[in-house]
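Visitor: What TrEMBL shows for this protein is this:
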TRANSMEM  A:26-43  transmembrane segment
TRANSMEM  A:49-69  transmembrane segment
TRANSMEM  A:76-95  transmembrane segment
TRANSMEM  A:101-123  transmembrane segment
TRANSMEM  A:130-148  transmembrane segment
TRANSMEM  A:183-203  transmembrane segment
TRANSMEM  A:234-256  transmembrane segment
TRANSMEM  A:268-285  transmembrane segment
TRANSMEM  A:292-312  transmembrane segment
TRANSMEM  A:324-345  transmembrane segment
Ligand SMILES: Nc1ncnc2c1ncn2[C@@H]1O[C@H](COP(=O)(O)OP(=O)(O)OP(=O)(O)O)[C@@H](O)[C@H]1O
Ligand SMILES: [Mg+2]
């Protein structure tokens, strides 16, 4: 009914590369963007922005970065949290060393630091794969976290050991720091995430994306069709860690406002990994669905029962949350390894042929 | 090598003097630890021909292809391809020089569509860097469309339009073999190595595949080296045949001569050496 492909023909290969072969998909995206850019800013409360919208976007971005490495290039990483940390600390150092630097410049540059760290810790992937590579990235996670704790220069020798985000301005509007209006922060995050998502879509559907997927599906065959494995793997680590690093910088500068080393611990790595798995490995859309689910779940458990006159303790909220996420992970791994994104694709297919069953 | 028939010696001497030589394999030996997979094999491939490599199981045929495309490095011997001599090289360099291949056990990218698999075969021919790719504009988009057109020609040629978007992991075996041929063709090779392209196919599929191989050879002028067990196919398709047995060359020449050679008959009947 809503989804109809009749009468939509393609007349050139150029047209076949349109992002949305079906018009309705474009409308759906337009609708989502209208909500993101117009409806939410006009209606959402501060709580909605801080507890839901901003973190969903940032977690989705981090998961997108991880998904490029794991879902597209097939290299498992458990170091996402630490690479987010590299982005955050790099941004902090850049802003404090060069106070006149534009916040956009600092964030764009901070991604290159995490990208470099990603490539360095990705080097073992040239010799080892799968489980062993995961262990190597785990080592990166612990090493970097230790560095964040012990290397006092990173947090400017603050007695607390934490980094405190300074006030910065963009076009005369305070964008980071305690005084920043949440709406400005939301727009900053939203635009950054949109741009990086567009880049990620383009890279993954072109030559480089194909080399990544080829390496993921069968690395020996990839080499034998002329793909340089080293370039393919390291470029995946680079792009992935760049995006993850930006997500880390946004995480601290546009959302938390302050950070201790422990923020970037293994829990964060797993959180992002769960988002990618629940959302769907090898999918861009999935990262958003996964992030929405993981971020919204505790908010819903915390507010809905109370609203219907069934207050539960905050400890209970946490337990419930952990249990549900655990069940979801196991469920998806067993039943639908391609996650929510695949569920959506199936639903869309049903809609296209609806109401005819075949 | 007393088993080698006379005409093969002649063919060799004649071969090295010819100017339509595409590849010359000289005295190649390859062993894995104690296992000798290939022992002192020499043969050549001429421009534009279909060259069959046959022999019983474990004769060293696949190993020979692996040496040619750089996947294995032989302990002894050289390979001269288009006038350049070498012993070892990286497989991706072999592709760059124009050597493409298919595999005995299909080696496709299972999670990718037919289209993407064949496009992946053109990776080495595509140049645009990550910045252009990111923007998906101008040169990157033009390049993508240009290569897509070439790939669509291959898809038409192999008659696989209907499975363009299907993940290849879901295709039946016969079609997978066809997609794999498409991926190799996408590399625009000057030498195409086919490792048992018809294994496990029914008669009709074999006929289709034979037709594709002949067309590739005749229309595109691609030189082909092919491993095949089906003698009928080998006799029909190939210009010259080299026969291996226990890693040694036992015959080399036109199909009908080779077929009647005593050494070959013995090898296939399993006469002890
Ligand atoms: N990577 C390897 N390691 C050890 N031994 C190998 C390896 N590859 C091949 N061999 C051995 O080399 C010999 C030749 O094998 P090869 O695969 O080249 O035979 P083939 O002629 O292709 O046989 P088939 O018709 O069964 O495909 C066999 O004895 C095989 O066990
Ligand atoms: Mg073989």
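Note that Cβ sites are derived from N, Cα and C of the backbone, with glycine treated the same way.
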Visitor: Check the transmembrane segment (A:26-43) against each of A:76-95, A:101-123, A:130-148, A:183-203 and return whichever range has the most CB pairs under 8 Å.
Guide: A:183-203
Visitor: Within this structure, do the transmembrane segment (A:268-285) and the transmembrane segment (A:324-345) have 3 or more Cβ pairs under 8 angstroms, counting pairs 6 or more apart in sequence?
Guide: yes
Visitor: Out of A:101-123, A:268-285, A:292-312, what stretch is closest in contact terms to the transmembrane segment (A:76-95), meaning most Cβ pairs under 8 angstroms?
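Guide: So the stretch in question is A:101-123.
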Visitor: Select the range from A:101-123, A:234-256, A:268-285, A:292-312 that forms the most Cβ-Cβ pairs under 8 Å with the transmembrane segment (A:130-148).
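Guide: The stretch I would name here is A:101-123.
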Visitor: Given a Cβ distance threshold of under 8 angstroms, which distant residues of the chain, six or more beyond its ends, lie next to the transmembrane segment (A:101-123)?
Guide: 75, 79, 83-84, 86-88, 90-91, 94-95, 136-137, 139-140, 144, 168-170, 175-176, 192, 233-234, 236-246, 248-250, 253
